[in-house]
Amino acid sequence: MATANGAVENGQPDGKPPALPRPIRNLEVKFTKIFINNDWHEPKSGRKFATYNPSTLEKICEVEEGDKPDVDKAVEAAQAAFQRGSPWRRLDALSRGQLLHQLADLIERDRAILATLETMDTGKPFLHAFFVDLEGCIKTFRYFAGWADKIQGRTIPTDDNVMCFTRHEPIGVCGAITPWNFPLLMLAWKLAPALCCGNTVVLKPAEQTPLTALYLASLIKEVGFPPGVVNIVPGFGPTVGAAISSHPQINKIAFTGSTEVGKLVKEAASRSNLKRVTLELGGRNPCIVCADADLDLAVECAHQGVFFNQGQCCTAASRVFVEEQVYGEFVRRSVEFAKKRPVGDPFDAKTEQGPQIDQKQFDKILELIESGKKEGAKLECGGSAMEDRGLFIKPTVFSDVTDNMRIAKEEIFGPVQPILKFKNLEEVIKRANSTDYGLTAAVFTKNLDKALKLASALESGTVWVNCYNAFYAQAPFGGFKMSGNGRELGEYALAEYTEVKTVTIKLDEKNP
């Protein structure tokens, strides 16, 4: 998905990236209804909600608004699809994998359409939607397609005349709630392993960005997944999200979003039926640059690490700790990078930064920028909205940041780079870990012993060394502390979507 310096791996057989196509500027949105049982439904309430283009603030279309009765209907469909003897349950594991591969094929076919929809709905650059989000989505479905017929139990030796073995069985109906910053990619992270293991799914996309999920529903139907296997209910968190989290017939839920909402999801899951929960939440991610680092690499990776996707990443390098010997030079080069970052129309192939997702997020970022100024951080560049451009914010760099400032403590989720100074490893380890979060961390050094010491000491689910945002479908991802529970991606994700059953059979005689 991303290489060591933030560039994109395309995964083409010949190693050459596909050419960036032209976005479909006047794309007609075809799919806006609730998707249940491989069919399109209007909500029982009859309500709709609008989705807007953050670049222009213009309404894209209206989407059917689900509520609890629609979730109930979706769960009934998912339950029926999971019943013993159903077409989905009778399907062999190899065929499940083939369906996932075929879905990836259709995503490849419609890649430009999906990237266009993602850019319209989120405001992210088309360049990134096409090469990062869609590439990661395709690779995720293909990776888990390969796992479908390789999920195996074990034979267990015992001290009695029995045969003992384990089976890894699907959990049943799984709920999924996806965020607005990577709508399609996070959908793939949840849907692919769930289907690989033989589960059925009821999914709620973020209300700000429902369009790619609904388009994907059309591809799921086209591929030939049995009715009820995948159901998508657009709507709002307090209604659809709450109904999924608390539904007694949903056996597992996966959520990506804020820590505050994650707590509500986990509470609802425990109050209802103790459903299993996977949470991928917020982070205040340290990026540690040692004096012996390759400074060119460190500056570029830290820049991409915080400004990519308009800073709207749970993995953003939101606390950059730089050793005092190279602090001044690092700040100087970081400011140069920020001033050169192309901000503008996300459909322009040269644009690397688009608008923030909505007015609420835009206002929050500007308020935190003002707090940085008031609390004594040095504003090196940016620090305000782009003139006459709606929800666009200038790439912002602060130096002389201290740990007690709000821009160092709170999740900004915007294009703001706070740069802090440190003197030695023990100091920076303590400061880096002095947070309730533990999602990711990064280390830049040429010293292997130093890298391994920091990788061991940092309280984060992922530690990148001399790279940033290096995601691979094969590598598990998740957080420590209040950054979440469980793991997505990799073989570890399969455990989140299966139950282990132990079978013990009494024998007349124990075989050697």
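Note that Cβ sites are derived from N, Cα and C of the backbone, with glycine treated the same way.
Note that the structure is a prediction, hence the values are computed from the model and not measured.
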Which range of 1-23, 369-391 is region 'Disordered', per Swiss-Prot: 1-23
Matching residue for the NAD(+) site, where Swiss-Prot names Lys204, Glu207, Gly257, Ser258, Thr259, Glu260, Val261, Gly262, Gln361 - out of Glu323, Glu410, Glu411, Glu426: Glu411
Neighbourhood of Asn181 (site 'Transition state stabilizer'), C-beta criterion under 8 angstroms, separation at least six: Thr122, Asn309, Gln312, Cys313, Cys314, Ile357
Among Lys204, Glu207, Gly257, Ser258, Thr259, Glu260, Val261, Gly262, Gln361, Glu411, the record's NAD(+) binders - longest CA distance, Å: 24
Those binding-site residues listed as Thr259, Gln361, and which of them has the most Cβ atoms within 10 Å of its own Cβ: Gln361
Cβ atoms near Gly257 (NAD(+) binding site) (within 10 Å, other residues, all chains): 23
Count of other CB atoms lying within 10 Å of the CB belonging to Lys204 (NAD(+) binding site): 29
Rounded Cα separation (Å) that holds between Glu280 (active site, proton acceptor) and Lys204 (NAD(+) binding site): 15
Sparsest-packed of the listed recorded positions (Val261, Glu280) - C-beta count within 10 angstroms: Val261
